[in-house]
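**Student:** In case it helps, Swiss-Prot gives these features for our protein:
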- Arg78, Arg103, Asp130, Pro131, Met132, Leu133, Ala134, Thr135, Gly136, Gly137, Thr138, Asp201: 5-phospho-alpha-D-ribose 1-diphosphate binding site (BINDING)
- Ile195, Gly200, Asp201, Ala202: uracil binding site (BINDING)
Amino acid sequence: MRVTVLDHPLVAHKLSVLREKDTPSPVFRQLVEELVTLLAYEATRDVRVEPVTIQTPVAETQGTALTRPRPLVVPILRAGLGMLEGMTHLIPTAEVGFLGMARDDATLDIITYAERLPDDLTGRQVYVLDPMLATGGTLSEAIKFLYRRGAQDITCVCLLAAPEGLDRLEKELGDSEVNVVLASVDERLDENAYIVPGLGDAGDRLYGVVD
């Protein structure tokens, strides 16, 4: 597993505003979109391309195009949906799938409640969007789900991670070539499995609390 923490002053600035408890939801959503676009630049560093011949207004020349099939972007519902716009700003021709997973707050078990993905992901580059890598349970289960569909080239884009979550991914995924791109690795998890200092519940802050 390869972990990349993006070191950039704009990333640090936007993340600081996200952390602030009084940042309202509309501003929070906009900042997530902007921050994810910055993370996506790094996450797509190894996106597959091929040479193409193009015609400029002056002459024919060689260019570069994304290969087919196009990359697949998979937000983990619901909070991952808030990251989708930022990712597709950078790769608008990507296909989008959806994976609904939630953590049971009582047992901390991961429940899969929805999925909309191709049956066969063999040969596809997949970008998983999940803002908070806390215990690592959700992301680990999502990656295993994608593996069962044939995916091998998986990059996870997250805003924050806890060391415990990264350790769990490393333990459960072994030597698999998963890439994780982050804005920050925070201090720890608290007794409720929230990231400290974190930014609170990303889904609630994106969309408001839904009981």
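From the backbone N, Cα and C atoms, a Cβ is placed for every residue, glycine too.
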**Student:** Counting across all protein chains present, how many other Cβ atoms fall within 10 Å of the Cβ of Ala202 (uracil binding site)?
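**Tutor:** The Cβ of Ala202 (uracil binding site) has 25 Cβ neighbours within 10 Å.
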**Student:** Can you list, in sequence order, the residues of the same chain other than Ile195, Gly200, Asp201, Ala202 whose CB lies within 8 Å of the CB centroid of the uracil site?
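**Tutor:** Going along the sequence, the neighbours appear as Pro131, Met132, Tyr194, Gly198, Leu199, Gly203, Asp204, Arg205.
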**Student:** Of the binding-site residues Arg78, Met132, Ala134, Thr138, which one has its Cα closest to the Cα of Ala202 (uracil binding site)?
**Tutor:** Met132
**Student:** Just name the winner among Asp130, Asp201 (the binding-site residues) by count of other CB atoms within 10 A of its CB.
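**Tutor:** Per the Cβ count within 10 Å, the most buried is Asp130.
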**Student:** Could you check the binding-site residues Gly136, Gly200 and say which one's CB has the fewest neighbouring CB atoms inside 10 Å?
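**Tutor:** Ranked by other Cβ atoms within 10 Å, the binding-site residues Gly136, Gly200 bottom out at Gly200.
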**Student:** Spatially, and counting Cα to Cα, which of the binding-site residues is closest to Gly136 (5-phospho-alpha-D-ribose 1-diphosphate binding site)? Options: Ile195, Gly200, Asp201.
**Tutor:** Ile195
